[in-house]
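Let me begin by presenting the structure, written as structure tokens, before commenting on it.
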Amino acid sequence: MGDEEAPSGSIEDRINHKNWKWRVSGLEELTTKFRNSIEGSGPLFNEWGPQFKKILADINPMSQERALEPLSAFIDRCDCVNKFAASYVGVLVEKLFASTRPRAKEKTIECLLLTIEADSAEPVVEALLKGTSSTSPKILLASLAALTQALKTFGPKQIPVKLILKQFSPWFENRDKGIRDQASELFIEIYRWIGKALIPLISEALTPIQLKALQDQFEKLPTDPAVPLKYTRSEAAKALANASKGIQAKPEVVEEIDPYSLMTAVNILPKLTSEFYEGLQAKKWQERSEQMDKLVTILTNTPKIETADFSELCKALKKILADVNVMIVQKAVVSIGLLADSLRGGFTSYVKPFITPILEKFKEKKTSVLQSVHTTMDSLVGKSISLSDIIDELTATMQSKVPQIKQEVLVFICNSITNTKKPADITKVTKQLTKIFMEALNDTDSNIRDNASKAFAALGGIIGERAMTPYLNQIDPIKAKKIKDNMPAVATPVTITPQPLAPVDLKDIDLPVSSSNKKPAAATGNSKSSSTTTPTGRSSNSSPLPPPPSSSDDIKNKLIGAGIVNNEIIEGLGKTQWKDRLQAVDDILENVKGLTADSINGMSESIIQLLCDKPSLKESNFQVLSSIFSIFIQCCKNDSNFTQQRCANSYLTTCIEKLTDVKLKEISSELLFSTGESITPHAVFTSIYQFTSNHKNPKIIADSLVWIQQAIDEFGIGCCSNGIQQLKPLLDYTKQCLESTNPDVKKSAIKLLCTIKINIGATLTDFLGDVKKPTMEVLDREFQKIRDQKPPVPNRQWKGMPPPGSAPVQIEFPRVDISVKLTPAIITNLSDANWKTRSDALDEIERIIIDANRKIQPKLGGLIPALKNRLTDNNQKCTITTLNIIGMLSQAMGGQSFEKHARLLIPGILLLLGDSKKPVRDAVISCMNVIVQSDLGFDVFIGSLAAPMIQESAFTRKESLAWTIVNVTNMKAAPIPSEINTLAKGIISCLQDKSAEIRSLADNLLSILCTQIPLIEFKKELKHVKPASQPSIQTILDKYYQKTGQPIPPPSKTKQSTSSSSSSSSTTSQQSSTPSSPQPIRQQQQQQQQQPTQPQQQQQQQQRRSILQSNNGASNCEFIIFDINGKMNRQKTNQIPSWHFIEPTEEVVEILQDQVLQCFTEEFANLMFSSLPSNSQHMSDLMIGMIEQNPEAIISVLDILFRWITFKLFDTGLASQKRVLKILEILLNKLIDSEYSIGEYEASCLVPILLEKSGSATNEQIKQIFKQSIQQLEELCLPNVLFRFAIEMVTSQNWRTRVEVLNVMASIIDKNGASVCGNLKVVIPLITQNLNDSQSKQSSLLCLNKLYSHIKDECFKYSNISQQDKILIIGNNNNNNNNNNNNNNNNNNNNVQQQQQQQQQQQQQQPRKSLSTDEMSTQLIGCLELLKNYSITKENIEHTVEALKQFSGLMANGKLDDVFVNFAEEYFLVLTSILADTFPQVSKDATILRLCKYLIHTIISILSNKVVAKQCNVRCLEIVLNETIKLYSLAESNSSKQGTESELSKAFNQILLRILQNCNSTILFSTLLQMMSRTDNDQSIQHPGKYNDLLLRCLLRATKSLTTPSILEELNVETVLSEINSFLKSNPSLDEITRKTTKTLTSELYQNRTNQVVKFTKDIISKGQQQKYQYLLNLLIELVPKQFEDLINGNGNGNRISSGGSNNNNNNGGRVSSGGNNNNNSGRENINNININSSLDSPINDHHNSNNTTTTTTRSRTSTGSSNSQQQQLPTTSANTTTTTTTTTTTGKTQSTLSTLKINKEPRDYSGKTDSQKKELLIEIFKKIGNKDLTLDGIHDLYFFIREYPDYDITPNLNSSSQQFQAYITRNLKKIKDSMDAPKDKDDEVVNYQERLKVIQNTFYNQHNQPSSQVVNNNNNNNNNNNNNNNNNINNNNNNNNNSGGNENIAPQLSNTASMASNTLQRLRTLNPDQNSGSNNNNSHQNSPSTSSSNDLNSTVASLRQRLAQLTSKSNE
């Protein structure tokens, strides 16, 4: 062959290639691509990032190791490693650490360290900690090494030590010394960082030796503080920023680990018994002291106590504090301190009552007591409460007259202040403490004064010297000096610098603005000229309108001339028939729509006057009036001269009034909107005020308020707030409506005020001061609900509206002083160590600004410095929130006020441009844009922009350059040269960057700023550039500057171009013409640079979303935001269990709108919520088109679409409901066609409200549509899901809804059976409640009737139903049955014969049977579907249990047997799968245990049905056997098996027994053999050894049953033999046990079906299939002697088939002799006495199974006589038998033999017993049966007892044993009865004696411990000797007997017995040589007994009887 093909193709193909060399080639190229990548993100990284998990899992070690190289390059270049780290770090730990490659471990650790450096430490630490718990020593050792290296490199800030300390104990207990040493190295590294704090954390878990060894290593460590060897990327960027500012890096502060957090809480209350509390109340102090000692001991030994109710203990301790015995009091104080240490925060609520009593104990003289009190108080204040919590108690105690108390309290306060970790708690009570100290300083006791000075000094260390000055000035100078002297000596753990009072600045005061400083009115859009314009919005110089026509004739003539009307139309307007009027109006509408804009100008007034005359606005027909309104709408939209006075006033009042008309509401609303667009909305509002203010119809007022609210949303608040003068009438009108008594009016007014509040903010409250207090409280609650809402974007405009570019018109609200709300606590919390506290403080500040309506005074106190510190916060959320607050402040304060703060904050903001997290950079850009858009403009940034450009960070440079290019044009004034010249340094630095993109951006910025920055500034910076880079930069400078230093003027002829884009020279000239506002030259390039700053998700959404086209355009655009996982994510985060409400609230609408915007484009979402009919119809058309064209997209948003449909069902408009229901109908039909199944979550979004609305619908057409939709849902939803939602609605307040729901439930039950109902105990009472309601009673009866038809009288058990109702329920059921069964007897004539009547009856029964079969199938399918949708939730478990109950009830009816067979496989599959899923949790949840029991019971009940079991196929049995044996193995393998698992093990055993007993034997053997063939390849088997053992036991048990005639009849021997051959073929190398089991099965088949086996074998040979059945033939040849081959070769009856080398002749057919024994076989054909040993389980051992030992016994076969012969049991004593027997265990054989020897078959005398004696006797009998050595003897006792007392009930005694053992007892009783009742034959004694001889032989050979070979040799020798002497005589005798007839068959048996006796006697002599002389028959081998010598036989038998008695007694001993 030639050389291997060189790798080629794409990287993807090579990496996925099967050849590892190709994969390595692909990995090398991928590494190169990563290293050459300039970008840190993009398609390359997004494509390959997720694939490293698969690449690293390569099975080839070489390829796997080489995969680390591209991973290393990927991590080095990628900016978003944290997005992919979690996917590959686990593979690194699991696969690469276990690699066999020498350097794989080191490279893997390098990759993990690189990942941590890329700010992705969390997944790495998690994976490594998981690796430390691995069972593989290699992975464990490498994980520990990686943790050590990571901690050493990055420190505990990135590698949390706390997580390591939670699981370190097993490392030091590992047997591998390397692991223990590596763990020691890890802890040495931890000690480097946290020092001695580590020792108490590990002292309890380590042995003293290990701890001592570690401490020795700790002492050797250097004392220098540990520092990380590397920074992460984010830390490096901050360090670089600090370095550029000259800020020194601070040493890393290691988080202090509290050992308390690692401890396990213990509940101590159970230890405090009632004796403890009684002892505390004892009179003797010794008893009280003893109990307190006990409490102290418990608390001392419990460092962490579980939180519980300690109120009783605290009450007892409080009483003890008042005890007279000081020592007991001291112990109580100590106990309280220990409780505080152990409970900490959990003890806070109990502390207060103890404070004063404990403080009073400071008066005690004993030092130990004082020390205990101090310790306890320190514990209370440090662990449970703060000093500020007990300041009142301290103040009261300081009023004590005992000096010692004051002195000690001051010492305690000083210690608390000095040791505090929360200075803020001290600052809260500064005033109270200073008051205490100043009083104590004046005390007469010097010790009190000294302690007060120290405490005062400690307080000064907290609040600072400046804050102390006011207090010190009030004190005597000498005392003040003493305090100052003590202050430096006091430790100040935390220093808080008080904020100095800022000097008063005029800029901080709001002054009235003089008129000279105001901007021109034209600029604001609020000039007086605008307020004096005409209402039409036209300017004063516009041409006046022509005068209107004066008469109606002129109007008609004018309109006829314009072609709008004709005489026919005018005549039609006045006709009495509404259809004629409607036709005329529709003609006018068509003509108006056809007019152009120029044609309709000036015609609107005439049209309106014509229609107002005829048919007039009082038209009674709504269709005519609707068309008139449509004409008015066209006039409003198309006539530019439309005015209010001449046009709108004619119809406005009528239009407002028609808002209440359901049929005209939509068109009236649309007309008002169109009118507002033509004449300002404010004019429409004014008309509403005037018309509705005093109107008597409250509905008109309410609907008008609703329309105003919609108008504000669609036009914006500007439509009514051009000044406070226009807003005030609206507010006055709304407040007037608030006083209305009508709830609808009041509710609408509140909603309108909420809308205004959303738009204008908190200032609205200023206008509501005169509102009544109760109403105001309601408003406040509503305002609280909408506080986070933002005003919607206006989508309508009116004529005269300010252009979009102009400044929005706003109401000037007063600025709010928020300095009062910015409390010191909030400012302090901004610096808290806990990020959540900081985040909460920032959120509170943001809330304060929002509540102030973003109009605040520039009085911020210490907020700005605190915000500056938060810009460098480690938490991303805090940083983003800080940036948002800064942007809000710039807008809320105004540009001039915020300027000084901006210059302080901007440097920190710009540094964040280099943050590696995209959200942070986006927030920075957004904040900067907001600042620029304020009055400050770009100017405030100029002096700070150079800093981010100088940094060596690609992010910082790119973002700062791109932003500067875009915003440099927003400068408000000419830049200051000193500031803008600083950009020269930044531009020069960026021109040297390695990134071409950054250099291009810098070039672009230089082209803009070349006119602002002189060349000399660039020359200065060029000197610091490397000489190699200077020429390229100089070339760029030469492009924009002349040699004289002046900038080159922009070219006017040519176009300047760049590598990416170009712009025209004319544009450049125009842009550069104004130096104060320079424009960028490369606009396209700027746009490209802006794109990376936008969030990537937004870009993708913009690409996916397409703007909806107008009504006149195409409508087939995509409007669904397709997300394949969106529905799943919404289901997980769903917070509303059931989408059901009586009326949609604001919260519901808000939730729905947010969800719709997530799934649909914004334009389409607006259409979905539009109230205009045109928009709604357009939306409906688009939706229906999408449903037809792209159902997949619709299904992805099906839940939200269902919710929107239900929301729209609440519309009052009939047309709107029809549109929505049409969408629903089409949607459901499409889902049915697609065979889609609606899940429970999707159904919850639709079904509840649909059911509710189906009852409330009044329109018949709508009601029918609802019913049709529910029928469609019955096809789409699972019946139990639909039923569950229906049962929830059955309690509805609307009786119509209840009726519809009950009908739906009846339909579901009728179609699917009662199993869909779930828990009948809950369902039936809910249904029966409606029996008391007259409206819903009929439906309730129908539902109960359907239920009764399935479960009969069971439905009456769960509720009290009256007898009358029961009759109705049952009667309805009977009527239904009678209606279904048509009786045709009335059609028969009297002369019809009886035979014809019977035929007719048979014909009538046929359809009934088929119907019954269909019903049963439906019921079974219903139960099956319920089980298939099982999931492990409590509710579903109950449904499943109920379904199983229903199924068991169905199976109890024997009619289902034949039908169930068709579903058996599916049922078994579902039942076993549920059982397998739930079994692992059975010990954790009682509900799951209950479910498992029902499942097992169901399976057993199925298999107990013999009709079903016999028809189960191989697949059914395989399903049940596989799962049952798996679970049985799992239960048995649990070493700590509990009662539950033991009980389930028995249940699994019952399943196996039912299969073995009831299933078809052929199918059973086929299944078992096939399963044994597949066992080795099944990876799902957890315990294969146990699994195989159980399979073999099942096969053995099935083999035993082959002696049963019924099983033999159904057995197909050919099939079983074929399966045996297949099994042997697929498993050529079997273990000994399996092979022996296979032999046993084959031998049993041969013994019981010899003819069929022989025939099958002959057929194989005749067909030439020996090769195919080679394995079976080999087994038969092995089992059967060599003569078997002669038989199957066709030798016939004349052949001799012998074994063991004996030569025997048979003249009467073929005879078989084995081992020297010759038996006559006249009853079987050919061959039947070849004895083959089989290993079978003893039934006694099955019951007494203590060691699961399988006992091998020798079974003798029975032979059947030809005509008059009887069954005989033949002995088997061949060498083969002996060999097989000796291979079994001695213990099992001995037990079986002893139990056989102890059987007493003699009759018992149990007559004359009393009842009590009978009971006792029966107990003793069953005890004997329970003894495995006396079982059979006990069964004989039981037989004679039953024969004596046949009427006595022994069932209770039988039930005490297992079902298996009961069956065993029953079988043996039957055998005993049969044997007793059978006639006694002459050969019984011989046969029985023969059996006894066999038992004795086998027993004693085993007892004498002879080797197997010796036993076999002895047997063979003895048998050969005896048989050689006796064969001739026996053969001759046999020949004679064969000719004499069947009555002389005893002779051969006597001969055989004599031979056996001789053999036995010889063996006994061998075993007992000392007794040979005493035996009368010691030479029996010389004189063998003959059949003709009865004397010799008798003497031999007598001798053996005597010997038998001796040996029996010996064996018993």
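Glycine is no exception: its Cβ is also placed from the backbone N, Cα and C atoms.
Feature annotation from Swiss-Prot assigns compositional bias 'Low complexity' to 524-543 (among others).
Feature annotation from Swiss-Prot assigns compositional bias 'Low complexity' to 1053-1106 (among others).
Summarising the annotation, Swiss-Prot assigns compositional bias 'Low complexity' to 1372-1406 (among others).
What Swiss-Prot records for 1695-1735 (among others) is compositional bias 'Low complexity'.
Residues annotated as compositional bias 'Low complexity' in Swiss-Prot: 1746-1796 (among others).
Within the same chain, residues 1817, 1832-1833, 1836-1837, 1840-1841, 1844-1845 sit at least 6 positions outside the compositional bias 'Basic and acidic residues' (1799-1809) and bring their C-beta atoms closer than 8 Å to a C-beta of that stretch. According to Swiss-Prot, the feature compositional bias 'Basic and acidic residues' maps to 1799-1809.
Residues or ranges marked as compositional bias 'Low complexity' by Swiss-Prot: 1913-1939 (among others).
Annotation source Swiss-Prot lists compositional bias 'Polar residues' at 1940-1949.
The annotation compositional bias 'Low complexity' is assigned in Swiss-Prot to 1967-1995 (among others).
What Swiss-Prot records for 512-557 (among others) is region 'Disordered'.
For 1043-1109 (among others), the entry in Swiss-Prot reads region 'Disordered'.
Taken from Swiss-Prot, the feature region 'Disordered' applies to 1372-1413 (among others).
According to Swiss-Prot, the feature region 'Disordered' maps to 1695-1809 (among others).
What Swiss-Prot lists as region 'Disordered' is 1905-1949 (among others).
The region 'Disordered' annotation in Swiss-Prot covers 1966-1995 (among others).
Mean pLDDT for the repeat 'HEAT 1' (115-153) in the predicted structure: 92. Residues or ranges marked as repeat 'HEAT 1' by Swiss-Prot: 115-153.
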### Query
So, by DSSP, how many helix, strand and coil residues make up the compositional bias 'Basic and acidic residues' (1799-1809)?
0 helix, 0 strand, 11 coil
### Same-chain residue ranges lying at least 6 outside the repeat 'HEAT 2' (158-196) that approach it to Cβ under 8 Å
116, 121, 125, 129, 132-133, 137, 140-141, 144-145, 147-148, 150-152, 202, 205-207, 210, 213-214, 217-218, 221, 226, 228, 232, 254-257, 261-262
### Query
Under the DSSP assignment, what numbers of helix, strand and coil residues are found in the repeat 'HEAT 6' (724-762)?
35 helix, 0 strand, 4 coil
### Task
Could you give me the DSSP helix, strand and coil counts for the repeat 'HEAT 1' (115-153)?
31 helix, 0 strand, 8 coil
### Task
Count the residues of the repeat 'HEAT 2' (158-196) that DSSP assigns to helix (H, G, I), to strand (E, B) and to coil, and report the three numbers in that order.
28 helix, 0 strand, 11 coil
#### Entry: Secondary structure tally of the repeat 'HEAT 7' (816-854) (DSSP, helix then strand then coil)
23 helix, 1 strand, 15 coil
